[in-house]
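Chemist: Here it is: the structure, laid out below.
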Amino acid sequence: MEGLEENGGVVQVGELLPCKICGRTFFPVALKKHGPICKKTATKKRKTFDSSRQRAEGTDIPTVKPLKPRPEPPKKPSNWRRKHEEFIATIRAAKGLDQALKEGGKLPPPPPPSYDPDYIQCPYCQRRFNENAADRHINFCKEQAARISNKGKFSTDTKGKPTSRTQYKPPALKKSNSPGTASSGSSRLPQPSGAGKTVVGVPSGKVSSSSSSLGNKLQTLSPSHKGIAAPHAVANVKPRNSTPPSLARNPAPGVLTNKRKTYTESYIYRPDGDSASSLNGGNIKGIEGNSPGNLSKFCHECGTKYPVEWAKFCCECGIRRMIL
């Protein structure tokens, strides 16, 4: 071996010798120093370096203990052979079905259903789930089965009883106005006095007799006077000049009928939508034309709402506004 010059001197070097612990080769002089150090490092385990603890030194951050690794769950044995056999059985069943369809013979029975033995079967619906899904499903399926059984009991109990039907109630009939109430509504309108007015060309006796006959008819037709005797029977006893008891007791109905006749006969409908009635030779506009509550708010033809209250025609179809 050639010598190496070190610090101006020549050092004689022998052959390289391997270390018994780590297997590296050293010169004999260096191997004597390396042997005890290598033996010491081999026996002593080195701690793993944690950089988070080094960064947390000198600060208020508490040192967090490292999380221990969770042990891995044991692996279940694979049932590859069973899966392989089920796969072959399904292929053979499909081939047998195709052959039976071609030949036109009877169809073979379907293969039995396959299931995974690792899955847990639900005792209520007979389905299978893995462990996590089975824990959630079984509780839900239990409550659902209890509800369905309760409904079945209730239906069997009420099976013999007839179903209750809601009885139809007819709408309440509106009370028809009696002659007394009709007189209050019609008395607001300006009407001629029937007592003092005489018809031209007709004797006064005929007018009084016609008014009395109308009053008698109203009195006999009204339900409140059913028990009273007919006034014409009393008229035979009393003289003709005296007024009959029907007019003496209640003279208003005869006058009201005359007023009502004159009002209805003189009712005129104008083409512009206003209604007028001629009383005592004068024209008076009807209440229906003036009050907005009696006019329809929507068109009866197209259903469009009138933009203003005083509109007379529909702005969409042009139909005249209807008076209710």
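Quick reminder: no glycine exception, Cβ is built from N, Cα and C everywhere.
Straight from Swiss-Prot, here's the annotation block:
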type: BINDING; residues: Cys122, Cys125, His137, Cys141; note: Zn(2+) 2 binding site
type: COMPBIAS; residues: 176-187; note: compositional bias 'Low complexity'
type: COMPBIAS; residues: 196-215; note: compositional bias 'Low complexity'
type: MOD_RES; residues: Ser222; note: phosphoserine
type: MOD_RES; residues: Thr243; note: phosphothreonine
type: MOD_RES; residues: Ser291; note: phosphoserine
type: REGION; residues: 43-83; note: region 'Disordered'
type: REGION; residues: 150-224; note: region 'Disordered'
type: REGION; residues: 236-259; note: region 'Disordered'
Chemist: Around the Cβ of Cys141 (Zn(2+) 2 binding site), how many other Cβ atoms lie within 10 Å? Please give the count over every shown protein chain.
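Modeler: That number is 17.
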Chemist: DSSP on the region 'Disordered' (43-83): how many residues come out helix, how many strand, how many coil?
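Modeler: Per-class counts: 11 helix, 0 strand, 30 coil.
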Chemist: With every protein chain in view, how many other Cβ atoms are within 10 Å of the Cβ of Cys122 (Zn(2+) 2 binding site)?
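Modeler: Excluding its own Cβ, the number within 10 Å is 18.
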Chemist: When neighbour density is defined as the number of other C-beta atoms within 10 angstroms of a residue's C-beta, which of the binding-site residues Cys125, His137 has the lowest density?
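Modeler: Least crowded of the binding-site residues Cys125, His137, by Cβ count within 10 Å, is Cys125.
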Chemist: Please list, in sequence order, every residue of the chain apart from Cys122, Cys125, His137, Cys141 whose Cβ lies within 8 Å of the Cβ centroid of the Zn(2+) 2 site.
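Modeler: Once Cys122, Cys125, His137, Cys141 are set aside, the remaining close residues are Pro123, Tyr124, Arg127, Phe129, Ala134, Ile138, Phe140, Lys142.
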Chemist: I want to verify one value. Collapsing DSSP to three states, which class is His137 (Zn(2+) 2 binding site)?
Modeler: helix
